[in-house]
Amino acid sequence: MTIAIVGAGLGGLALARVLHVHGIEAVVYEREASREARGQGGMLDIHSGQRALREAGLIDEFFAIARGEGQDMRLLEPDGTLLLQEDTPDDAPMLRPEVDRADLRDLLLDALPEGTVRWGHAYESAEDGVLRFAGGGSAGYDLLVGADGANSRVRALLTDARPAHLGQNAVEIGIPDIDRTHPDLAAMVGRGNYWVLGDGKSLAAQRNGDGRVRIGLSFYNTGEDWFATAGIPFDDPAATRARLIDLFAGWDTRFTALIAACDDLVQPRSLTTLPIGLTWPSRPDVTLLGDAAHLMPPVGEGANMALLDGALLALALAAHPGDHAAAIEEYEREMFERTGAAARMSAKMQELLMSPDASRRLLEFFQPG
Ligand SMILES: Cc1cc2nc3c(=O)[nH]c(=O)nc-3n(C[C@H](O)[C@H](O)[C@H](O)COP(=O)(O)OP(=O)(O)OC[C@H]3O[C@@H](n4cnc5c(N)ncnc54)[C@H](O)[C@@H]3O)c2cc1C
């Protein structure tokens, strides 16, 4: 049986690794030219996804790269009022540690046999057991797994569903080597998550393993065309910072100082989601996992679900040797239920973040009663 996985993200790599642990080989086709081709972004909090790393035989290696103190949390209001501060004790269990996405991806990549990932292979189409890649080239498959993320092309083989705009646009910026360059701001942000919410906006700063503080500025209840009308001159980073500071007018100057201290790396992000509870009629030769199957609001579930999908699909294939149809049906039944529940929970959290009294509601969420 030839298993072709499209996409070397966390979900596709977890699938390949757990298959390998069970003596089943697969090929991963990735459109990026190499593992270093694209920055992998910031930190992920990994909780339910730890089971996948256990199935992958990599849990000790995961805890070695995870940051328990990354669970620290500070929640503030735009006028500077501190609503909540939670510092993680040194001996706290690693229930939701933060890990650098690039480190986690490297852990999975390094645990695969040489040559498993074929870099520079962008999936274009599949028909009758043959995959075709952009720029020419083809490969055979018995089972095709679309692990190709939010804008999956494999998805179209199973469903007409497409991601729709979430009503949130974000700009990602960051301060490199913050301890050296801005020790005062480093102390303010702390070791983990620093959240300021209000006025239909949020500023989420987070310390990364490499000493960079990444800052996500989100604009809620904004439409698909928001970037075209917001007057942010993305081709001029200094003017972009000035415009972002304008957009946060009235916020405590400590928060706008964070924006002023950022370097020139600016990433706009228009957020989309798939319909909650998306399913499709099972097919024995194609399935999906991760964001390709269930793109959710970015409130801390997506990477965990992608890792679990990969591991559980691998376990189903190992449990039904020679019967893909049974394996895929079993995998999809569990995956639809589990990720449907996660998507509903994520949508509730998103609704909270988009509400006018978001900071107070988030405080209640963390400190019920
Ligand atoms: C700002 C932000 C913060 C987040 N924070 C968290 C968090 O803290 N915790 C959490 O659980 N989740 C988080 N998420 C969600 C999480 O990042 C995703 O859910 C997760 O990465 C999905 O994994 P995946 O393997 O399905 O897809 P991806 O990680 O997107 O990987 C898809 C891979 O497919 C490749 N690909 C795409 N198209 C093709 C093609 N045509 N041919 C070949 N290869 C292709 C891509 O290059 C990529 O390598 C966050 C998301 C965002 C945007």
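Just so you know, the numbers here start at 1 and follow the chain as drawn.
Every residue, even glycine, has its Cβ placed from backbone N, Cα and C.
Note: TrEMBL annotation is automatic and uncurated.
Summarising the annotation, TrEMBL assigns domain 'FAD-binding' to 2-195, 286-335. Annotated NADPH binding site per TrEMBL: Arg38, in sequence order. Annotated FAD binding site per TrEMBL: Asp45, Arg101, Asp291, in sequence order.
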For Arg101 (FAD binding site), the number of other Cβ atoms found within 10 Å of its own Cβ: 19
Intrachain C-beta neighbours of Asp45 (FAD binding site), sequence separation six or more, cut-off 8 angstroms: Gly70, Gln71, Arg96, Pro97, Glu98, Gly300
Other CB atoms, at most 10 A from the CB of Asp291 (FAD binding site): 28
Rounded to the nearest Å - Cα separation of Arg101 (FAD binding site) and the residue listed as 'NADPH binding site': 12
Site diameter for FAD, Å, by largest Cα distance between Asp45, Arg101, Asp291: 16
Cα-to-Cα gap, Asp291 (FAD binding site) vs the residue listed as 'NADPH binding site', nearest whole Å: 18
Within the domain 'FAD-binding' (286-335), residues counted as helix, strand or coil by DSSP: 34 helix, 3 strand, 13 coil
Around the Cβ of Arg38 (NADPH binding site), the count of other Cβ atoms that are within 10 Å: 11
Averaged pLDDT, computed only over the residues in the domain 'FAD-binding' (286-335): 97
